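Straight from TrEMBL, the features:
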- CYS418, CYS422, CYS445, HIS451, HIS454, CYS457, CYS477, HIS480: Zn(2+) binding site (BINDING)
- 413-490: domain 'Recombination activating protein 2 PHD' (DOMAIN)
Amino acid sequence: MSLQMVSAVSNSSLLQPGFSLLNFDGHVFFFGQKGWPKRSCPTGVFLLDIKQNELKMKPATFSKDSCYLPPLRYPALCMLRGNAESDEYQYIIHGGKTPNNDLSDKIYIMSLVSKNSKKTTFQCIEKDLGGDVPEARYGHTINIVHSQGKSMSVIFGGRSYTPLAQRTTEKWNSVVDCLPSVFLIDFEFGCCTSYILPELQDGLSFHVSVARNDTIYILGGHSLQNNSRSPSLYKLKVDLPLGSPAVTCTILPGGISVSSAIVTQTSETEFVLVGGYQSDNQKRLVCNTIVLEDNKIEIVERASPDWTPDIKHCRMWFGCDMGKGSVLLGIPGANKQLNSDANYFYILRCKEEDKEEELTAQICSQTSTEDPGDSTPFEDSEEFCFSAEANSFDVDDSDTYNEDDEEDESETGYWITCCASCNIDINTWVPFYSTELNKPAMILCSSGAGHWVHAQCMDLSESMLLRLSEANVKYFCNEHVDLNKGLQTPKKVVHLKKQPMKPLRKKTTVKLITPTKKSFLRRLFE
């Protein structure tokens with residue numbers, strides 16, 4: 001086993017605990033960055049280019065018929081082949097955390113469409129599921145089993161948020177172990193079936209699963225309920241007859257009490273177990289060889305690499321299987337570098353480079369490295385991941401991703417200081433409105449180019465917030481509402497035109513005096 005240090009050039013902040021690696025035709029692709037993708041790489045998928053011990057990233061694109069794929073961290077991921085002899089394969093991605101700490105229950109299938117020295121294009125499809133659909137989770141595993149000419153995927157373990165009915169203000173975003181159910185998914189029909197097995201009593205997360213043919217071996221894992229790492233070794237056997245599938249579980253001796261370990265495959269029947277934690281504050285520096293032959297499993301200790309002093313003394317480490325016997329390891333470099341997000345990276349090669357065996361068995365080791373404060377024990381705060389190989393890629397340096405070219409988008413999140421009186425803090429915030437779950441409600445102020453403010457900081461009632469969200473009106477925050485009123489042009493008053501009234505003419509009565517009356521009056525006054 002050989003250990004080689006590599007330098008991440010200007011983009012190491014993207015490589016944080018919880019990422020995954022995909023290996024397509026010997027090329028390694030990074031997926032699951034911390035934070036939302038930026039304009040330079042809206043897909044969030046990068047080709048890893050390793051030249052002369054330097055690691056660079058080249059953005060990958062999606063085809064026009066692809067669905068949106070968020071940057072999921074700690075998902076379950078495995079390779080799906082068309083058949084045992086086929087060279088074409090896809091990756092299945094299930095669950096994981098979004099940058100907003102929302103959990104995903106969706107399942108995606110990613111395949112390589114085209115690749116050249118300038119551009120790599122993927123197709124990503126979301127698969128619709130029915131039946132006993134697994135709840136949203138992270139820290140679990142997914143594997144493919146083959147039996148009697150049929151194939152199915154198996155999902156097990158992981159963690160999820162506390163159910164809504166059991167949440168309290170103090171523990172609103174706390175996580176719990178998922179029930180120890182085994183889920184079988186038929187991708188041909190999109191049907192899910194869950195199985196409860198008496199041998200599986202406790203929920204496990206950040207365990208290792210190795211699959212071969214119709215059998216899956218589950219090793220290690222952490223239980224939040226007991227705050228322990230399981231020493232048991234479970235053997236799941238899946239039979240796929242013409243009727244209903246049959247799933248059985250057997251507890252085998254010889255397990256290892258470890259969580260967040262990485263498994264890489266070195267031959268058709270041999271795997272290497274690297275890293276992980278044997279307690280909340282102690283890394284596991286011992287390596288093991290796992291051999292699968294004749295429906296049996298054998299786990300033996302093997303010589304470990306010469307770990308550097310930095311690796312030995314660091315509190316946490318994380319990484320991912322790169323495929324074909326190589327592992328990418330990372331340790332924090334915050335104590336030695338100005339950038340607190342910067343990390344040191346190493347490539348661990350577990351087999352001789354001249355061996356080119358075809359890797360046919362499925363492996364799935366799950367990452368556990370989370371952000372500090374996401375959950376209680378150290379287990380969830382910093383650990384591991386998996387999936388691909390380091391090669392020297394002929395990539396044009398001018399197309400390499402450089403996050404320094406990006407604008408700072410840190411102010412567009414939920415945890416901004418929206419106003420002078422803002423008191424929303426990611427470490428102390430609790431839901432205020434009934435519509436909030438794990439992030440504060442925000443509303444757009446229409447002043448100028450527009451900016452987001454917290455509804456709670458604006459003293460909005462819940463009924464008013466709902467009314468504003470449903471109505472097609474502009475909203476102005478407390479700071480700009482008076483200014484907006486001053487800038488408003490008074491409404492023009494429309495004067496009604498009144499028709500002038502015609503003056504009424506006074507009637508004049510003319511009395512004519514007839515000659516008879518005139519002569520009569522003259523005689524009367526004479």
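Glycine residues also receive a Cβ, built from the backbone N, Cα and C atoms like all the rest.
Keep in mind the model is a prediction, meaning the values are calculated, not measured.
Listed binding-site residues: CYS418, CYS422, CYS445, CYS457, CYS477. The one with the lowest count of other Cβ atoms within 10 Å of its Cβ is CYS422.
Sequence-distant neighbours of HIS454 (Zn(2+) binding site) (same chain, 6+ residues apart, CB-CB distance under 8 A): CYS418, CYS422, ILE424, PRO440, ALA441, MET442. Taking the mean position of the Cβ atoms of CYS418, CYS422, CYS445, HIS451, HIS454, CYS457, CYS477, HIS480 as the Zn(2+) site, the remaining same-chain residues with a Cβ inside 8 Å of that point are CYS419, ILE443, TRP452, VAL453, MET458, ASN478, GLU479.
Taking the domain 'Recombination activating protein 2 PHD' (413-490) as a whole, pLDDT averages 78 in the prediction. Note: HIS480 (Zn(2+) binding site) has non-local neighbours CYS445, SER447, GLY448, i.e. same-chain residues 6+ apart with C-beta under 8 A of its own C-beta.
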